[in-house]
Amino acid sequence: MATTATMATSGSARKRLLKEEDMTKVEFETSEEVDVTPTFDTMGLREDLLRGIYAYGFEKPSAIQQRAIKQIIKGRDVIAQSQSGTGKTATFSISVLQCLDIQVRETQALILAPTRELAVQIQKGLLALGDYMNVQCHACIGGTNVGEDIRKLDYGQHVVAGTPGRVFDMIRRRSLRTRAIKMLVLDEADEMLNKGFKEQIYDVYRYLPPATQVVLISATLPHEILEMTNKFMTDPIRILVKRDELTLEGIKQFFVAVEREEWKFDTLCDLYDTLTITQAVIFCNTKRKVDWLTEKMREANFTVSSMHGDMPQKERESIMKEFRSGASRVLISTDVWARGLDVPQVSLIINYDLPNNRELYIHRIGRSGRYGRKGVAINFVKNDDIRILRDIEQYYSTQIDEMPMNVADLI
């Protein structure tokens, strides 16, 4: 077991400056034994997996992939912290696929994610990367037919990705057998280990074989989460990014001062006219606000789509499909969208409401400049929000300036 003291020591950690196009000036504070593997070819991956990786469009591993994949494949417990858009999902997906015995038709890896959408995205990514391996992978998520889950699991799945509640339900019903599980992956661990999911994760963990390897991946890892990892990780390797480097480079952040809540809507309409947007996401803090704003925008003849956690699964899926394809250009959403959902064309994020906690800020704005693409984030700030904005600035050691008149030129 690693102790908290070991976690905190910088003696066993060194800082590395990476000089890569899209990862300039990101300082890793990383365990000594982590080395860099610059190409997929030199990672010792199976041939059919390499084919899948190149067919998927990957050419060169990202900074996190160069460090984490080999460690995970070696069987080490790993805490990997990487910003949104750096390829962290592919990091554990490639590692999981490498470790499977395809001949054995039993669940060998379990991936937990905080939202249904993210679980489905992970499943699709695994199937695409494992295209030449004949891998079976099922997304086990709430809001879908339990009978279908049971049928799929009975058929035999090498990997199960899912939300903690439904996964635990399937384990309890003995539909998801855990005896062959070798690896547990917690994606977006900061969100997962927040109060809501902590108990469910422990419930699932108790059913896993004692030697199960644990991999924890997230954009932010607050101190209290590192403390919790002590409970179920053994001597984990750390691959961490310093917190104050976490705001993505290439994303310009601005604020617009709106004295009162009522003024936000007009501000949004004014912006909408100014910006010939490729694709944008507008974040609100509540489902009710998402519905209200969507209706109001449509009344004003703006075309928008919207999504939040109360919508039926099918509806959310078709909205995401529409948005990904570019058929809808502006999406109004709650934080359900902020977690790891991958739409490369998004170049503008508007925080209609500042997020309720500062950890969420990076998940939201990390959307808009994926894989080193440029992006713009605009925060609507009421008089009594100034304090929250300053807190976010301080927390991420970043600067958020007042929005200039020529903001359209920056997108």
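In case you wondered, yes, glycine gets a Cβ from its N, Cα and C as well.
Looking up the ranges 123-126, 187-190, 383-386 in Swiss-Prot, the one annotated as motif 'DEAD box' turns out to be 187-190.
Of Lys19, Lys25, Lys195, the one with SUMO2 cross-link in Swiss-Prot is Lys19, while the others lack that note in the record, though it may still apply to them.
The range from 38-66, 154-182, 270-298 that Swiss-Prot describes as motif 'Q motif' is residues 38-66. In Swiss-Prot, the feature phosphoserine is assigned, of Ser12, Ser82, Ser306, Ser397, to Ser12; the remaining candidates carry no such note in the record. Lys296 (N6-acetyllysine) sits 20 Å from Lys382 (SUMO2 cross-link), taking the CA atoms of both as reference points. A Cβ distance under 8 Å defines the sequence-distant neighbours of the motif 'DEAD box' (187-190), meaning residues of its chain 6+ beyond its ends; these are 88-89, 92, 111-114, 118, 122, 216-222, 225, 339-340, 359, 363. Per DSSP, the motif 'DEAD box' (187-190) is made up of 2 helix, 1 strand, 1 coil. Just so you know, the Cβ of Gly87 (ATP binding site) picks up 21 other Cβ atoms within 10 Å once every protein chain is counted. A separation of roughly 21 Å, to the nearest angstrom, links the Cα atoms of Lys60 (ATP binding site) and Lys124 (N6-acetyllysine).
Summarising the environment of Lys382 (SUMO2 cross-link), the number of other Cβ atoms within 10 Å of its Cβ, over all protein chains shown, is 18.
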